[in-house]
């Protein structure tokens, strides 16, 4: 498996004059492409992939071998035959799919799929294809396209795509190159202009996704097991070191499963690099639509979610385990479950992973490794059953007995020095996957690269506040917030000890989790209402506390959560997840910019560079703090 590193520097691509196949759908730009399968096939089959160039009066075609790897975003519609994008098969008659091939991740490739030869003559197949093209091409272009028609080919329409989320992200300086970059070495010709008009650019095939033989074998086995349903729905846990391809494998596997089944359940246990939510969450999803882009392009509403509030659980693994138990208890076993884990697999992280395998009892464990990754023992059932975890102890005699899912939350206890753990492990099948990279994120650039992805996920979530295209963007500071009385919600800072007198300073201009606790917070005449401990409770979404009105005793919250769900929110959790800096810097106003300052006192408790750290006076004396540009 191969992946790409951080987004490269560069300005956005130059705008090209609209070109392509004109239709009756307004000013949308689109192109048709004819794909032929790239697998082994009979000699009578077409041997190429045809892409459009804009010629005088009608589209012409560019012959390309095998698949088409591209960067940019577009809408893909299969008009005839079948094509596959990132493991998901798009057939004729199916809905169009929005595809996001960004510079932060591996580029996507459109491949033709080998399908069964219909029991029709060539003339009948051409008549069928001509009928399908009737609503997209005029008569002359349709006749010309049919001259290039061959049996078992696939015809795809690529349309120009703009979404409110993409528009919102690219509105910030420096982020437009995530979707589009200028290639100074690229030869500008009719092909380049035709593809640019759609919003994409052809890339070298080696920059696309390449799965290793072990990965392909694992995918084939897992899809087969999930479709058979002989022993119930499989529970698949994916583990391995960080930046090794787990998330890419998960997306591809979900897409492959959706080709055969209607939905897949997904349990997110990675706090730092979440797939469908902003970072710092543990959540359970029911996925029914394919994943054809990076996380910041497909933020979704979970079935159940808890806001942990940190990017790592190293400081409180026990709470992390308890939250996973709470979220996992909502799994109904009505669909296959895919479990994503953290890349922390060294020392205590490995012991914590062993605890998770015991607690979640997966039927399959997919373990990733690479030549450059550190040694990690094979997590066979025998190994997991024979060693102590971070909180659980081995119980060989309990193996193969298991416990019912409904009793999971009540029966599970932690082990201590005097009492052995009652966890009953059912065993699993270990599937090993070896990854190969053309470019690997190093320890030097990993922190900045992951920070960029986390900020993009937050911006992708905030993009839900924007009106649908083609309405213009609204700046965040220009949107009307909700007014929340102090005595209507309880408040808790999860990542640091903050004095009660400073609580409102910490909440103001912060990223907040909108949660629902069982306790009734009504009845208080004033506020704020402070919680002594961080509760394990449902999180319904997130927002920005854009202001605190002390006179009216109100929190001003900006959030895309629907009003009917906001009525049940009675708790605000503030964690270590921060609002992207560009949100503060990009405020358009005259004079002083709100929440941006060059005069900040790092000696205040909780204001040190390491969030949540408590430093002594001696430590402060020995440190010199640089003057920041903003807070």
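For all residues, glycine too, the Cβ spot is worked out from N, Cα and C.
The model shown is predicted, which means the values in this text are computed figures rather than measured ones.
As written in TrEMBL, here are the features:
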- 1-20: compositional bias 'Low complexity' (COMPBIAS)
- 1-29: region 'Disordered' (REGION)
- 66-184: domain 'NOL9 N-terminal' (DOMAIN)
- 240-376: domain 'Clp1 P-loop' (DOMAIN)
- 479-580: domain 'NOL9 C-terminal' (DOMAIN)
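Residues belonging to the domain 'Clp1 P-loop' (240-376) score a mean pLDDT of 94 in the model. Under DSSP, residues within the domain 'NOL9 N-terminal' (66-184) fall into helix, strand and coil as 31 helix, 38 strand, 50 coil. Applying DSSP to the domain 'Clp1 P-loop' (240-376) sorts its residues as follows: 41 helix, 27 strand, 69 coil.
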